[in-house]
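K.L.:
Found this in Swiss-Prot, in case it helps:
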type	residues	note
ACT_SITE	D129	active site
BINDING	E54, E79, E106, D129	S-adenosyl-L-methionine binding site
BINDING	K133, D165	substrate binding site
Amino acid sequence: MKPQNLKVPFFWEERSTEIKDNVLYIPNHYFKHDQFIMPSWEEFFGNNNPISCELCSGNGDWVVSQAQNMPQMNWIAVEKRFDRVRKIWSKMHNFQVSNLRIVCGEAQTFFRHYLKNEILQRIVVNFPDPWPKSRHRKHRLFQDEFMNDVVRVLVESGILVLATDDKNYLVEAIKMMRQCLLPTIEDPYYCKVLDNYGDSWFERLWRSKGQEIFYTEFVKKVGI
């Protein structure tokens, strides 16, 4: 399958949430989420295996590799850019990865409207846009509302991982995580090598430019 074989299943004027070809489409500037009847994830995957989720999936190298290496785990790749979703979808088909599903849409919207409580074993946020300028802070993924949803959708002892090349973004994200989750890494709560992390296109890109990569990992506290 080539990336261009995947087509958006609606015209913009008639946009709505849809599932087609193992992709959940959540359109931008769309607010009728409650009108969509979301199937259970057991139905969507065809099994009741535990579920992990990658946010900011890019071209899909990392999540496809993870799904291949962990066939006992179901994976959700969340990416808002359709050109990148096409590449993930192409890899999923060409490598016959049956335990991967794709969400084409904003991570915040997906978490808020399409995930039930305590559904995810692991959330990995790979190199989110840091939006470094102060006037753009509202666009950052790590906000109070997002963290509330992270805690809600993680199972007990579920894990949240962030990988980033932006030290300032890392520090701010850690402050937010510490308010509701427990760090698994000692103070200063991040490391430069994370065991079993895997390999991603963005990681290779930033390392090739001489950038340091930082990882942090938090676990859901008992009773949250």
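Backbone N, Cα and C atoms are what each Cβ position is placed from, and that goes for glycine too.
Owing to the predicted nature of the structure, the values given are computational and were not obtained by experimental measurement.
Are these features on the surface or tucked inside, and what touches them?
P.N.:
The Cβ of D129 (active site) lies under 8 Å from the Cβ of C56, H139, R140, L141, each on the same chain and at least six residues away in sequence.
Long-range neighbours of E106 (S-adenosyl-L-methionine binding site) (same chain, six or more residues apart, CB within less than 8 Å of its CB): I26, N28, K80.
The Cβ of D165 (substrate binding site) has 18 other Cβ atoms within 10 Å, all protein chains considered.
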K.L.:
Measuring Cα to Cα, how far is E79 (S-adenosyl-L-methionine binding site) from D165 (substrate binding site) in Å?
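P.N.:
Here the two Cα atoms are 19 Å apart.
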K.L.:
Please give the greatest C-alpha separation between any two of the S-adenosyl-L-methionine-binding residues E54, E79, E106, D129, in angstrom, as a whole number.
P.N.:
14
K.L.:
Including all protein chains shown, what's the count of other C-beta atoms within 10 A of the C-beta of K133 (substrate binding site)?
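P.N.:
K133 (substrate binding site): 8 neighbouring Cβ atoms within 10 Å.
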K.L.:
When DSSP states are folded down to helix, strand and coil, where does E79 (S-adenosyl-L-methionine binding site) land?
P.N.:
strand
K.L.:
Whole-number answer please: how many Å between the C-alpha atoms of E54 (S-adenosyl-L-methionine binding site) and D165 (substrate binding site)?
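P.N.:
Counting only the Cα atoms, the answer is 17 Å.
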K.L.:
Taking the Cβ of E79 (S-adenosyl-L-methionine binding site) as the centre, count every other Cβ atom within 10 Å, in any protein chain shown.
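P.N.:
Neighbour count, Cβ to Cβ under the 10 Å cut-off: 26.
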